[in-house]
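If you look up Swiss-Prot, you'll see His43, Glu70 marked as active site, proton acceptor, on the strength of sequence analysis. Residues or ranges marked as active site, proton donor by Swiss-Prot: His191. Under the heading 3-amino-2-oxopropyl phosphate binding site, Swiss-Prot lists Asn7, Arg18, Gly192, Gly213, His214. For Asp9, His10, Arg45, His50, Thr100, the entry in Swiss-Prot reads 1-deoxy-D-xylulose 5-phosphate binding site. The site 'Transition state stabilizer' annotation in Swiss-Prot covers Glu151, and the record cites sequence analysis as its basis.
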Amino acid sequence: MAKLAVNVDHVATLRQARGAAYPEPAAAALAAEAAGADAIVVHLREDRRHINERDVRVIKEVIRTRLILEMAATPKMLGIALSLKPHTVTLVPEKREEITTEGGLDLINHHSSIKQTVEALKNAGIMVSIFIDPDLDQIKMAHRIDADMIEIHTGAFCDAVNEHQRQREFTRIVDAAKIGTRLKLSVNAGHGICYNTIKAFQGLDEIDEFSIGHSIVARAVLTGMDRAVRDMLALIRAL
């Protein structure tokens, strides 16, 4: 059965909306963990627009599950990751003007520098995932640079505006998951997945873990984190 990694970035977004000291992302992480989350995800962006280094350190200290740190593949962020030592680092592209991560890493054109980051993280005992579009050549490159896993970018599928586009994008995800599995990569999926779109993944056993944040935090505002996480877990268990 696929696992659930809960991203608590948008708890920090709510905090930053008022420049307040609350809500505390670590408290949300503990609540998600208590509800059954298999891992906690945070994206430490270079502009620190939501999660900051203190958040990451506190979350790592208090949770018992895995901490997954999303970050750009830059020397400065590498140094921070080596200091924080999360269980896993997911390397993601980053643009300051974007609202959220807009696409996967381009390994074809940047494999040399990203490979150096992968090697440094793995030498420190940190698992490495690559956030990647469902493109077969990109996935093959992730294998060549010795990543442990990939996270398939599901945004194009989740944001599809018609059935034709939805089917086309989901076929790309299926093909990507299967080639990743054949290459002995662990295969995760994330970005834009909500309580409706998760249902499409029924029968796609190649997905090891779903990384979901915004939809869970949005529901948690109305129902509480415990209920929001348990509702998503129930849908994943039914896949």
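Glycine residues also receive a Cβ, built from the backbone N, Cα and C atoms like all the rest.
A Cα-Cα distance of 12 Å separates Asn7 (3-amino-2-oxopropyl phosphate binding site) from His50 (1-deoxy-D-xylulose 5-phosphate binding site). Of all the recorded positions given, namely Arg18, His43, Arg45, Glu151, Gly192, those whose Cα is no farther than the 10 Å limit from the Cα of Glu70 (active site, proton acceptor) are His43, Arg45. Neighbour counts were taken as the number of other C-beta atoms within 10 angstroms of each residue's C-beta; across the recorded positions Asp9, Glu70, the minimum falls on Asp9. Secondary structure at Glu151 (site 'Transition state stabilizer'), taken from DSSP and collapsed to helix, strand or coil, is strand.
Ranking the recorded positions Asp9, His43, Arg45, Glu151 by the distance of their Cα atoms from the Cα of Arg18 (3-amino-2-oxopropyl phosphate binding site) places Asp9 first. The recorded positions recorded for this entry are His191, Gly192, Gly213, and the Cα of Gly213 lies nearest to that of His10 (1-deoxy-D-xylulose 5-phosphate binding site). Spatially close to Arg45 (1-deoxy-D-xylulose 5-phosphate binding site) yet at least six residues away along the chain are Ile51, Met71, Ala72, Glu94, judged by Cβ distances under 8 angstroms.
Classification of Gly213 (3-amino-2-oxopropyl phosphate binding site) by DSSP places it in coil, neither helical nor stranded.
When Cα-Cα distances from His50 (1-deoxy-D-xylulose 5-phosphate binding site) are compared across the recorded positions His43, Glu151, Gly192, Gly213, the shortest belongs to His43.
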